[in-house]
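Student: My questions all concern the structure below.
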């Protein structure tokens, strides 16, 4: 059914975070600071990777692209959520809602694929160090990037092409901080059971499979490090445990939301905040800013800028 002709709903109402005015002001300040830090941190990483000659390696190339995806994913939802905290009428147009969902799943699917590529990069670096440069060639890196964007596009299009023409003629209230695909589908004025199952299979399985692959890769890396060097095990364990925290915060909410996507769950907003607000900030901190080589490159660029001025 055509959306324009079959729907009387032209906008959705996002309930977001309700409550006392003081609490909303607290959330507004907190999320504004987190989003500003997210944008600043990820832009700083991208600039450093681009202009520092010491960071022109496969790992930092992937980290720079991860920062770009993190910034994009956060920008799709967080600014709207922040402005809604100060608004009594949290309204989003139906096409604004569709656009938000499209880019959320686009950047989310691309980031999941990129995280797999990063895990493969670490596996090759630790388990096959002598062949690292040969395996992680520019051709393979380009292939990883193209594949991540393609999977992200296919992932979002496979769902949005079935969602964009749904008829909406009744309730238009979404109990979340942004347009969430399962909740939007639930508002359609038609039977959507088949589409619900497809969404679970598409987003839920993609998240779960990527999470299992990442977990398996980290286990293989730890086993390899333990066999090669007992001294390096504690360092590898410290690094990979930090990575697993971020990966769990990214994939955990996705898996949970799509495991029980069409039932009422009061913690949905909390999971959504972890997925779209906190994780894009933690990624640059855990993956990049704790890296000594990255910090040295940032200091050198800053020194060069001071000298040039």
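Cβ from N, Cα, C; glycine included.
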Student: Between the candidate ranges 25-47, 163-185, where does TrEMBL place the transmembrane segment annotation?
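Tutor: Feature transmembrane segment in TrEMBL: residues 25-47.
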Student: Could you check which of 83-101, 102-120 is flagged in TrEMBL as transmembrane segment?
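Tutor: In TrEMBL, the transmembrane segment feature sits at 102-120.
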Student: Considering only the recorded stretches 25-47, 59-82, 102-120, 272-289, state which has the highest number of Cβ pairs under 8 Å to the transmembrane segment (140-158).
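Tutor: It is 102-120 that shares the most Cβ pairs under 8 Å with the transmembrane segment (140-158).
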Student: Please report, as numbers and ranges, the same-chain residues at least 6 past the borders of the transmembrane segment (272-289) whose CB is under 8 Å from any CB of it.
Tutor: 31, 34-35, 37-38, 41-42, 44-45, 63, 66-67, 70-71, 73-74, 76-78, 81, 104, 118, 176-178, 180, 242-243, 245-246, 249-250, 252-254, 257, 295
Student: Report, as numbers and ranges, which residues of the same chain sit near the transmembrane segment (25-47): CB under 8 Å and 6 or more residues beyond its ends.
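Tutor: For the transmembrane segment (25-47), the list is 17, 63-64, 67-68, 70-71, 74-75, 78-79, 81-82, 85-86, 277-278, 280-281, 283-285, 288-289, 294, 298, 301.
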Student: Checking distant contacts: for the transmembrane segment (59-82), what same-chain residues at least six beyond its ends satisfy Cβ-Cβ under 8 A?
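Tutor: That would be 16, 28, 31-32, 35, 38-39, 41-43, 45-46, 49-50, 92, 100, 103-104, 107-108, 110-111, 114-115, 117-118, 121-122, 125, 141, 144-145, 148, 177-178, 272, 276-277, 279-281, 283-284, 287-288, 294.
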